[in-house]
C-alpha cells in the first residue's frame, strides 16, 4: 500500500496500526474483472470471517485462527495456506469442535455477504418449524451470498454445504442483511429496484417485496431491535421501513448523490449513511434529521459538484460497537476513523481502491476489501487496529436508555433539557 495525501486539517492525525492481511490466491483466469472484493463480514459471535475473493469464490476463515496467524507470522497470511485448516466441524446434534475454514464456489460473481444467527438478542419472531425441511437449532449459523445473476445462496457455515437457492431477484443482489433477533429473517437489496424479505426458518419463503426505490438499491441494514430497516440507493435515496408492517415510514433527504451504504449504531439511536457526494451523514432515524456530517473533501463541495464525478466518493461506512466511532472508506485512498463528537478523523490509514469495510464483532479491528488494481493482491483484505478508549459512564447510560427508547419518548422524560439533548446525541 502506497503513501497517501493528507488534507491540511488532517496532517496531525494518527495513522492506524496495521494488524494483518489476507491475500487472495492468484486467479486461475487471465481476466482483469471479477476479482473485486465487494463484501466482507464477521459472524455475530465472532467465530468466522468471510470475504469474496472474486471469480465466484467466498472464503470462510475462523477468526481466532486469523488473529493467531497474524501474531505468529507478522502481518501477512496467505488465504489458502494449509496450516489454517482445522478439524472439520459437525453442525448436527450440537456437538461442535473447533471451526474449520471453507472455500465456497458460488457459481457467479459475489456482490454481497451476510451472516445469520438463530441466537436471538430479544424475543424471536420465529414460526413453527416442525414440518419444515430445515429444523434449524438454537445455535444455527448461516452465510447468505448475493450473486451477479440475482440469486441468493444460503450456506451452512459449519459444514460449507449449500442449503437454499433463492431466485426471485432479476438483477444483481447488491446487499444482504439478517434481522439480529435470531428469527433468520433475511432482507436483500437489488439492482432490480426492490428489497425482498425472506424467512429462512420457513425454507426460504419470500414473505414480502418492498417497493419504493426508483433506481438501483445499493444497501440495507436492520436496526438492532429488528423493528426498522434502512435502504439506500441511487438518486439520493435513503428510506426507512417499518418491519412489523412492511411499510415505508419516511424518506431521509439531504444527500446530493447516490447513497451506497448505511448502518445503525449499536443502540439504534443513530443511522450513518455514505454517499458519492463525499459525505457521511449521521441521522436521528426517528426524526429524520441530520445530526452530524463527516466530510471527505475540504472545503465541502457545492451540491452541483457533489452530485457528479469527483475523487472523494465514499464507498462504505461502518459503526463501531462502542457507539462512539465510525469508519469510512473513500476513493481518495484513505480509511478514516471518526468520533461521533469530533469534526475531523481521529485516525487514518491508506488503502488503494477500497470497496468495503466493517468492524469486527468486538470492535477492535476494522477489515477492508480491495478492488482489482492490476497487481497480485486482487480481492485481498486488510485489517487495522481501531481507536480504543474506555467509554464514559454517561455514554454507557445513554446507550442503555436508547436501546429501549425512541427519540420521541426521550423528549417526553421529566428531566433537564440538557440531559435530553445528550440522550438524543444533540450535544
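Using N, Cα and C of the backbone, Cβ positions are placed for all residues, glycine too.
From a predicted model like this one, the values you see are computed outputs, not experimental measurements.
Under the heading repeat 'WD', TrEMBL lists 136-165 (among others). For the repeat 'WD' (136-165), the number of residues in each DSSP class (helix H, G, I; strand E, B; coil) is 0 helix, 16 strand, 14 coil.
Sequence annotations record features per position, and here TrEMBL assigns repeat 'WD' to 166-208 (among others).
Residues annotated as repeat 'WD' in TrEMBL: 210-251 (among others). When pLDDT is averaged over the repeat 'WD' (210-251), the result is 97.
For 252-284 (among others), the entry in TrEMBL reads repeat 'WD'. Residues 218-225, 228, 230-240, 290-297, 300-301, 303, 306-308, 310, 312-319, 321-323, 326, 328, 330, 338, 340, 398-400, 402-403, 407, 424-425 of the same chain lie 6 or more positions beyond the ends of the repeat 'WD' (252-284) yet place their CB under 8 Å from a CB of it.
For 314-348 (among others), the entry in TrEMBL reads repeat 'WD'. Tertiary proximity for the repeat 'WD' (314-348) is limited to same-chain residues at least six positions away from its ends with a CB under 8 Å from its CB atoms, namely 2, 4-6, 9-10, 13-16, 260-267, 270, 272-276, 278-280, 282, 292, 294, 296, 354-359, 361-363, 366, 368, 384, 386-387, 389, 391, 395, 399, 425.
The domain 'SOCS box' annotation in TrEMBL covers 383-427. With DSSP classes pooled into helix, strand and coil, the tally for the domain 'SOCS box' (383-427) is 22 helix, 3 strand, 20 coil.
Secondary structure of the repeat 'WD' (166-208), assigned with DSSP and counted as helix (H, G, I), strand (E, B) and coil, comes to 3 helix, 23 strand, 17 coil.
Residues 41, 43, 45, 47-48, 50, 52, 58, 60, 88-91, 94, 96, 99, 102-104, 106-119, 129, 171-176, 178, 184, 186, 188, 190, 192, 198, 200-201, 203-204 of the same chain lie 6+ residues outside the repeat 'WD' (136-165) yet bring a C-beta within less than 8 angstroms of a C-beta in it.
Counted with DSSP, the repeat 'WD' (314-348) comes out as 0 helix, 20 strand, 15 coil.
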